[in-house]
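Shown next, in structure tokens, is the structure this report addresses.
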Amino acid sequence: MKIGVFDSGVGGFSVLKSLLKAQLFDEIIYYGDSARVPYGTKDPTTIKQFGLEALDFFKPHQIKLLIVACNTASALALEEMQKHSKIPVVGVIEPSILAIKRQVKDKNAPILVLGTKATIQSNAYDNALKQQGYLNVSHLATSLFVPLIEESILEGELLETCMRYYFTPLEILPEVVILGCTHFPLIAQKIEGYFMEHFALSTPPLLIHSGDAIVEYLQQNYALKKNACAFPKVEFHASGDVVWLEKQAKEWLKL
């Protein structure tokens, strides 16, 4: 089965990595809109337009399913993309919410949503969590993580300063942290380590990873089986420098 994966840049690699590990598909077309990253600082109308343009990009590739591996686009453009598509278009928010529903039984557990400014302002996660009965939800726009990750700054003083800036003011320590941007799993270990060290936690918070969540969602909703395709083919495209994107993919995905 041939599918597409769409993201604003390299953040979708976290989803792609999970898909490749699960071996669900034999061919994956990855499109990163790297010329216009980040999406998280742009207005909803612009993001919807970017989503529709991504649909146009994938049409000649004759894919059977499109994964929107971008939380901002999933929050603001998914519905519009689904209206204009003849194939299934799947976002990353619903799978993440269902993963929480499976793993977090305490409806009063403190949940922290990390995301871009646009994702947080959309209230997509907050509303979906409240519909599932979760009452103790807070959110934090951590948009500065995106350009750092796009520049491959995955550790060191800059990232530490950024985490300190965002996390020091937290008044309630979360038991669950939603990595509400597909860039963020690329620094998940650093986020977990920061919480453990600076808040003296005995156990780390549960991190909800879009990539892992969407693999389980696809298996349940599209009758897909793990390890069905041992050697999936991956093809990379970008609105910006595709050579740079491929280089990042080789480094991060070990292709």
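Including glycine, each Cβ sits where the backbone N, Cα and C put it.
For CYS70 (active site, proton donor/acceptor), the Cβ neighbour count at a 10 Å cut-off comes to 37, with all displayed protein chains included. The active site, proton donor/acceptor annotation in Swiss-Prot covers CYS70 (among others).
Feature annotation from Swiss-Prot assigns active site, proton donor/acceptor to CYS181 (among others). Secondary structure from DSSP puts CYS181 (active site, proton donor/acceptor) in coil.
The annotation substrate binding site is assigned in Swiss-Prot to ASP7, SER8, TYR39, GLY40, ASN71, THR72, THR182, HIS183. GLY40 (substrate binding site): 29 other CB atoms within 10 A of its CB, across all protein chains.
Within 8 Å of the Cβ centroid of the substrate site, not counting the listed residues ASP7, SER8, TYR39, GLY40, ASN71, THR72, THR182, HIS183, the chain contributes GLY9, GLY11, GLY12, VAL37, PRO38, CYS70, ALA73, THR116, THR119, VAL146, CYS181.
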